[in-house]
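Novice: Checked TrEMBL, it gives:
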DOMAIN    A:1-109  domain 'NADH:ubiquinone oxidoreductase chain 4 N-terminal'
DOMAIN    A:112-403  domain 'NADH:quinone oxidoreductase/Mrp antiporter transmembrane'
TRANSMEM  A:21-42  transmembrane segment
TRANSMEM  A:94-110  transmembrane segment
TRANSMEM  A:116-133  transmembrane segment
TRANSMEM  A:145-167  transmembrane segment
TRANSMEM  A:187-205  transmembrane segment
TRANSMEM  A:225-244  transmembrane segment
TRANSMEM  A:256-277  transmembrane segment
TRANSMEM  A:284-303  transmembrane segment
TRANSMEM  A:309-329  transmembrane segment
TRANSMEM  A:350-369  transmembrane segment
TRANSMEM  A:389-412  transmembrane segment
TRANSMEM  A:436-458  transmembrane segment
Amino acid sequence: MLKFIIPTIMLMPLTWLSKNNFIWVNTTTHSLLISFTSLLLLNQFNDNSLNYSLTFFSDSLSAPLLMLTMWLLPLTLMASQSHLTKEPLTRKKLYITMLITLQTLLIMTFTATELIMFYITFESTLIPTLIIITRWGNQPERLNAGLYFLFYTLMGSLPLLVALTYLQNTLGSLNFLLLQYWAQPLPISWSNTLMWLAYMMAFLVKMPLYGLHLWLPKAHVEAPIAGSMVLAAVLLKLGGYGMLRITSILSPMTEHMAHPFLVLSLWGMIMTSSICLRQTDLKSLIAYSSVSHMALVITAALIQTPWSYMGATALMIAHGLTSSMLFCLANSNYERTHSRTMILARGLQIFLPLMTTWWLLACLANLALPPTINLIGELLVITSTFSWSNLTIILMAMNILITALYSLYMLITTQRGKHSHHINNLTPSFTREHTLMALHIIPLLLLSLNPKIILGFLY
Amino acid sequence: MNPFISIMLLSTLILSTMIVTISSHWLFAWIGLEMNMMAIIPIMMKKPTPRATEASTKYFLTQATASALLMLAIIINLMYSSQWTIMKLFNPTASILMTMALAIKLGLAPFHFWVPEVTQGIPLTTGLILLTWQKLAPISILYQISPSINLHLMVTMSFLSILIGGWGGLNQTQLRKIMAYSSIAHMGWMTTILLYNPSLTMLNLLIYIIMTFTMFTLLAQNSTTTTLLLSQTWNTMPIMTTFTMLTLLSMGGLPPLTGFMPKWMIIQELTKNESLLLPTLMAITALLNLYFYMRLAYSTALTLFPSTNNMKMKWQFYPTKQMTLLPTAIVLSTMLLPLTPMFFILL
């Protein structure tokens, strides 16, 4: 695993020592090359995992997420070029360094064997993200956004530290590969209820669960584009990854404890989708749609059936690419009009027709059109929740409907219809932006040809 | 201050702490503590302003009371064990009295009231000595009597310290008071683990001293004593903003910085002793501390504080103040976490 971590760390000297007008070229190219090496991880055995050392391993769950993370770094670098042009050179290099630090910590989180190592790197991802949001965000609301982000996540994860330490003292080791075989069934009692909550709250806040999601719209909206992309695509998946890992040692308590959270996520799914219909702020709409999709992942992770785990993993990868693409599209709007209000930039198909293609593909992916992997994830989750309880089909159907509604609403408002009068001097789209969108959608479409690789470890 | 007097006072200060730590006779330990108090009072009065006088007087009164209580505890111990050796105490009354006396000396709640006011009235470097060096002597005595300390008293005082250190610092803008409340909270963490694994108290003390030293030295570079002044460091020494932010985050206990190490080790040790609610509550209350550190980090490094245009056009001189050990201290206070196994074995 050092073959990913060391090159990623070395991207930092690359940034600081490159020539002034080559920093973007160098970092983007090299991070793209590093992401290609992650494809080696695709050679996964069915019921085993690739153990690289005592500290790092990768199995069919962490490999797709790792590939997503590594694919996203060059994309975030490409997306940030435009809003950083006016900054002094040192600050540009600092920004890139923050992204690279975040990337290194994310690689270590997804491949950690020991759960405390996972915890430490999970928490460490907070600091670079906080710095990106607070230092390079654009509105004064970003201060509050950073604080909400930091404190919601920390409040949830400190009990996790205590619970993991207790687990290490009881079982002797927190090596995940051993833990799967050593874990004792957790009998149902009041103290075990608190223990279950301690394990799960960190991930539920990170996902986020509907009642704890207040940090997400703030953080996503106030972050600069790279921050939004990385937050939506990867940091939310940290929560999902943690939940999928830790629920394997928490049975049979989960069946007893999961009901309130299942209800919250099922209801929250519909609530947040409905809120999307009433949003005026484009980034806020995409942020709430993230909450809605992640609620599906939470539902899937809590039911613990093979199909639901496959659906959760597929949904995470699909949502990562789709949501990141939507944020890039929203950012291309923001860079031209310097406003996130949707109705201020209407009817863009006339001015930027090729961008409309990307908007169309992104919105269609968001509403889970067949045969994209979004659909595969949602379908697996819907069928498994139906087998868990027949009534959920009503909620799921409503959710699909409302998701389709707001995705098409977003598409139609920004692209179709009569253009607003003040936007007739928009700069045409840059090739960089088209490359960005293409690099998002091409993996998404290619994965629909072979979704087996993203279906996780219960395939 | 006259250099001869300065040398005499500093050497008395150092000598007194060494006397306390190496002595095996209770009387010598008590004498060391008294010398400690006597030596630092003139240092606190370097600039004889009324505020410094008030701070020195408050310090003298609290410490003298504590020493008197300590002597009472020593005599009671003498009565019940007929020997003066510094080891565990042989009487619960003596143990409680001595714990409270040392708590007054350290500034543990509910005896914490003197810490913010004394720290505020003295110059920054003296505040550094007060919050770091002065803690060594009482903690060494606590370490030696740790087998006989009453658990309920200790845990109550330490948890109360963490709460008060967190809540008290929230309404402060004066940096010395913020450091004082931070010291109260860290003392709370240190004394929680005293009865389970005293080596971790030492580890926490070491890391706390490194972080506080870094923080005070960074503040002393610009002689910043308020948040407002701190927000102007971007103008005079931009790199200090990064270091201040990193040190503040480290004091807040965020991984992957060093400050996470003592908290993690303490939580691990407490869970080994089957107490799970206490470390959870302690960890969550430490978030209050993190909140006011974050506020400082925001005003220093991450945002541009509102200021007049005059303030934004300062000359950037070469630094003339000596940055004693600052690079070392910064590295130690931010990058020591991967070396955790080493510390665990060392202590």
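From the backbone N, Cα and C atoms, a Cβ is placed for every residue, glycine too.
From a predicted model like this one, the values you see are computed outputs, not experimental measurements.
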Novice: Please figure out which one of A:21-42, A:94-110, A:225-244, A:284-303 racks up the most CB pairs under 8 Å against the transmembrane segment (A:389-412).
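Specialist: Top-ranked stretch among A:21-42, A:94-110, A:225-244, A:284-303: A:284-303.
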Novice: What parts of the chain pack near the transmembrane segment (A:309-329), using Cβ distances under 8 Å and only residues at least 6 beyond its ends?
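Specialist: Tertiary neighbours of the transmembrane segment (A:309-329) are 61, 64-65, 68, 72, 75, 79, 220, 225, 228-229, 232-234, 236-237, 240-241, 244, 283, 286, 289-290, 293-294, 296-297, 300-301, 355, 358-359, 362-363, 365-366, 372-374, 376-381, 384, 433, 436-437, 440-441, 443-444, 447, 451, 454-459.
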Novice: Can you tell me which parts of the same chain pack against the transmembrane segment (A:225-244), counting only residues 6+ beyond its ends and a CB-CB cutoff under 8 A?
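Specialist: Distant Cβ neighbours of the transmembrane segment (A:225-244) are 61-62, 65, 68-69, 72, 75-77, 79-80, 83, 95, 99, 102, 106, 109-110, 118, 122, 125, 129, 132-133, 136-137, 200, 202-208, 216, 219, 283, 286-287, 290, 294, 297-298, 301-302, 309, 312-313, 316, 319-321, 323-324, 327-328, 331, 456.
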Novice: Counting CB pairs under 8 Å, which listed stretch among A:145-167, A:187-205, A:350-369 touches the transmembrane segment (A:116-133) the most?
Specialist: A:145-167
Novice: Using a Cβ cut-off under 8 Å, which residues of the same chain at least 6 positions beyond either end of the transmembrane segment (A:350-369) come close to it?
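Specialist: Residues 289, 318, 321-323, 325-326, 329, 332, 375, 377-379, 400, 403-404, 407-408, 410-411, 414-415, 419, 423-424, 426, 428-429, 433-434, 437-438, 440-441, 444 contact the transmembrane segment (A:350-369) from elsewhere in the chain.
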Novice: For the domain 'NADH:ubiquinone oxidoreductase chain 4 N-terminal' (A:1-109), give the DSSP counts of helix residues, strand residues and coil residues.
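Specialist: Secondary-structure composition of the domain 'NADH:ubiquinone oxidoreductase chain 4 N-terminal' (A:1-109): 79 helix, 5 strand, 25 coil.
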Novice: On average, what pLDDT score does this prediction assign to the domain 'NADH:ubiquinone oxidoreductase chain 4 N-terminal' (A:1-109)?
Specialist: 90
